[in-house]
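The following features are taken from Swiss-Prot:
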type	residues	note
SIGNAL	1-24	signal peptide
DISULFID	37-64	disulfide bond
DISULFID	48-66	disulfide bond
């Protein structure tokens, strides 16, 4: 009886973790949120574009915070 329950649990877990090959991965909107930073105005990429500045460093090997300067707050003081 116990082995039957364990086998059933393994089958159910296997089916829960199965991802169909045609449409695997997170949806486009979720990818956009997780690949962005600075209140969704910046992006994480290996190098910033010419008109962007680095606001902070994030994930290793990626610069997280490539933001257009018009979205950055005005700095006060030195």
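Each Cβ is built from the backbone N, Cα and C atoms, and glycine gets one as well.
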Helix, strand or coil at residue 48 (disulfide bond), per DSSP?
coil
What count of other C-beta atoms do you get within 10 angstroms of the C-beta of residue 48 (disulfide bond), across all chains shown?
17
Residues satisfying Cβ distance under 8 Å from residue 66 (disulfide bond), sequence separation of at least 6:
42, 43, 44, 45, 48, 49, 52, 53, 54
